[in-house]
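I have placed the structure first, in the form of structure tokens, so that the comments after it can refer back to it.
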Amino acid sequence: MTSRSGGTQRGSRSSAARARSAHSLSATPTLRRSAAGSLPLSKDDAGGRVRVAVRLRPRNQEELVEDADFADCVELQPELKRLRLRKNNWDFDTYEFDEVLTEFASQRRVYEVVAKPVVESVLEGYNGTVMAYGQTGTGKTHTLGRLGEEDTSARGIMVRSMEDILASISPQTDSLSVSYLQLYMETIQDLLDPANDNIAIVEDPKTGDVSVPGATSVDIRDEHSFMELLRIGEAHRIAANTKLNTESSRSHAILMVHIRKSVVQTGAETSSSSQLGKSFKPLVRKGKLVVVDLAGSERMHKSGSEGHVLEETKSINLSLSALGKCINALAENSTHVPVRDSKLTRLLKDSFGGTARTSLVVTIGPSPRHRGETASTILFGQRAMKVENMLKIKEEFDYRGLSRKLEMQLDAVIAENERRQKSCNDELERISIEAQNRITEAERNYSHAFEMNGSEEAMELKRLLQNETRLRHETEDEANRLRSQLEQFMQSEDGGALEICNLRRMLEDEIDQKRKLEEEIAMLRSQLLQLTFNSDQMRRGSNGDGFSGLDSLMSQFRNSQINETGNGQKAPMTSLFEQVGLQKILSLLESEDASVRIHAVKVVANLAAEESNQQRIVEAGGLTSLLMLLRNFEDETIRRVAAGAIANLAMNEYNQELIMSEGGIGLLSMTAADADDAQTLRMVAGAIANLCGNDKLQKRLRSEGGIKALLGMVRCGHSEVLSQIARGIANFAKCESRASTQGRKTGRSFLIEDGALPWIVQNANNEVAPIRRHIELALCHLAQHEVNAKDMINGGALWELVRISRDCSREDIRSLAHRTLSGSPTFRSEMRRLRIDL
């Protein structure tokens with residue numbers, strides 16, 4: 001199918017670009033193919049076009065619901081490397097790319113197509129760049145930076161590139177270093193050292209190479225150290241929650257990998273006395289791999305950005321706009337390329353129109369709601385395909401390698417000399433021993449001749465010799481006797497060890513017998529429990545009271561408990577749910593049998609933990625039944641599990657309004673006042689904390705005692721309960737701050753009026769991280785409105801806000817506290833009085 005005029009023109013330009021690339025590749029007959037089937041460039045190549053691949057993200061859960069009646073706005077034809085963008089129900093625009101990756105493409109496939117040819121070129125001494133561009137939430141960070149610690153198949157391009165690099169270099173002769181940066185609000189920050197937050201870009205006036213010498217450079221020896229480096233960098237990278245993405249990157253992340261690889265080129269042999277073997281020319285090839293995870297482009301009205309996040313969005317869009325202008329100028333062979341309009345374009349100067357081999361993956365989504373952003377992303381990729389780079393190998397003479405080579409040869413000569421010296425010394429020693437033997441033989445002959453003469457002196461010497469011989473024999477006999485005694489002693493020790501081994505074996509047999517008896521006792525107990533249950537069932541059946549269906553359901557619950565204790569395997573809730581039915585399970589919540597009632601509420605709580613079951617539970621009256629349990633039963637287990645189920649249901653905004661309309665906050669408050677169990681209080685606090693996050697319920701939640709119920713649970717002191725209380729206060733303060741900003745609320749904060757400020761100040765620097773983080777957020781939201789400033793100063797909150805602005809571990813909270821203190825006249829006046837500088 002042919003597209004309209006715009007798509008046809010783009011397709012023809014893309015074909016022409018591919019023809020130029022094919023012509024340049026045909027001039028190099030010695031190229032080898034990579035694993036992905038693409039041709040990696042050798043050092044003889046004169047240039048290389050920017051390769052562009054497009055990757056489609058599958059529909060997310062929100063799109064499956066809201067766009068269920070609408071077709072995807074894109075249609076992929078991967079076998080033709082073609083993409084069709086829907087204009088309406090009958091018309092498409094058609095585009096061609098170097099690769100088209102469907103939503104089912106694996107992470108390995110994406111790496112081999114997009115990044116592996118670039119990595120191979122970097123190992124051969126070229127610079128290379130891999131970059132991801134696309135709308136927020138389309139999978140750029142998933143494609144590049146996914147660590148895949150639990151599932152190795154999910155690893156992204158960064159990890160897979162490092163695996164190939166480490167497998168291709170030698171730790172003895174090569175070196176590998178990594179820097180990890182982020183470009184945030186036109187400031188280059190070091191993700192490995194957050195204090196280094198204003199790094200300068202340096203350009204070599206001779207070569208034009210761009211570098212960041214002020215960044216931290218870490219030597220990498222194995223994959224584990226690289227994964228730890230990525231974890232540290234991702235922890236410091238700035239992200240925020242928007243309507244398009246719950247963890248939207250607010251900065252451009254740049255991973256720089258510098259490789260220094262030694263290459264020895266051997267030549268013909270020479271007879272010169274100055275050379276010790278073949279002549280060689282040691283070279284060093286230096287390659288740089290840059291992996292760029294761009295922040296997502298987004299529109300203000302769709303992302304819902306406001307405040308500081310809005311300023312971040314403007315900065316991101318400006319830098320991406322500058323990058324687009326540079327690519328347009330390069331694609332149109334313009335005489336002026338505005339590289340200096342942004343720090344991002346300065347960093348990527350070598351990647352577009354420079355000497356690096358560049359691969360770009362553009363990520364898109366299928367939703368027709370974002371067709372405009374998808375079209376913009378596709379056009380960006382089409383323009384990038386027209387950019388030509390002139391590849392240049394970087395190698396230099398390796399003086400240090402040559403020095404090491406000569407030192408090794410000198411060591412070999414010294415070792416050979418030492419071996420020859422030792423051989424000479426051994427020969428001298430042999431000659432000396434031989435001469436000594438000849439002297440001894442001559443002396444023996446002389447002694448024999450002297451004895452034959454019958455000399456008295458010779459006889460005396462003979463007697464002395466016989467005496468020495470006798471003494472030697474006596475000594476040998478004594479030694480043999482002692483040796484015999486020692487052997488007898490050792491044998492006695494061996495017998496004792498054998499007896500110990502026998503006793504140990506008997507002990508092990510006793511332990512094994514005891515274990516078997518315990519297993520038999522457990523089996524008998526299980527059989528006794530089954531017989532008791534059967535007799536109880538027969539008794540209930542004989543009564544004929546019309547509840548046979550209920551008894552059958554009780555049997556299923558009890559049998560599932562017996563299976564769990566006997567076999568160690570618990571029947572899945574889903575299969576029990578399908579076999580029994582939701583109405584029957586809810587009917588058991590009113591059973592007179594306490595054990596059945598407890599099992600039933602546990603089943604409902606487990607079902608409520610899955611979002612897909614929550615609506616069915618509410619529609620079947622499950623919420624009303626759970627609130628009834630809180631109202632009528634004092635059993636701690638029932639109250640704890642029922643409160644947990646209500647907390648799960650309270651994660652849904654529609655369910656939150658139902659809970660409030662049925663008096664749920666009053667029942668939760670009553671349970672909070674009566675309960676002493678920490679786990680019950682944790683469930684109740686979690687449910688109230690979820691309700692605190694709803695803007696529509698603020699006044700009613702406060703008027704029905706929700707805030708006082710939260711503060712009342714502070715008495716428990718358990719860290720998990722306090723974490724839920726802190727989360728609820730933070731949620732309430734955030735909603736209240738939003739309402740004040742929008743003009744829907746005036747006057748002091750309800751939290752301050754209900755006496756929450758002293759506890760907030762007391763726990764602002766709590767040693768438990770979740771408590772401290774939520775309290776710091778609550779303080780910042782309270783301080784955003786001038787009407788609360790005086791109360792916060794009197795309550796000691798000013799000092800905590802100053803501490804947060806200086807020492808908070810999270811950059812976004814630290815910046816929020818600094819802006820709040822700087823923007824409040826009351827706080828500024830008090831800080832001047834106390835001589836506090838930010």
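Quick reminder: no glycine exception, Cβ is built from N, Cα and C everywhere.
Over in TrEMBL, the protein carries these features:
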REGION    1-42  region 'Disordered'
COMPBIAS  1-28  compositional bias 'Low complexity'
DOMAIN    49-387  domain 'Kinesin motor'
BINDING   GLY134, GLN135, THR136, GLY137, THR138, GLY139, LYS140, THR141  ATP binding site
REPEAT    580-622  repeat 'ARM'
REPEAT    621-664  repeat 'ARM'
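Annotated features taken from TrEMBL, shown on the structure.
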residue : record           : contacts (Cβ under 8 Å, 6+ apart)
GLY134  : ATP binding site : LYS140, LEU294, GLY296, SER297, VAL362, THR363, ILE364, THR377
THR138  : ATP binding site : ARG57, GLY296, THR363, ILE364, GLY365, THR377
GLY139  : ATP binding site : ARG55, ARG57, THR363
THR141  : ATP binding site : ALA132, GLY156, SER249, ALA253, ASP293
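Using a Cβ-Cβ cut-off under 8 Å and counting only residues 6 or more beyond its ends in the same chain, the repeat 'ARM' (621-664) has close neighbours at 582, 586, 589-590, 594, 597-598, 601-602, 604-605, 608-609, 611, 614-615, 670-671, 675, 677, 679-680, 683-684, 686-687, 690-691, 694, 696-697, 700-701, 704. Of the listed binding-site residues, namely GLN135, THR136, the sparsest Cβ surroundings within 10 Å are found at THR136. Within the repeat 'ARM' (580-622), the DSSP-based counts of helix, strand and coil residues read 35 helix, 0 strand, 8 coil. The average per-residue pLDDT of the prediction over the repeat 'ARM' (580-622) is 80, rounded to a whole number. Packing around LYS140 (ATP binding site) is summarised by its Cβ count: 27 other Cβ atoms lie within 10 angstroms of its Cβ, all protein chains included.
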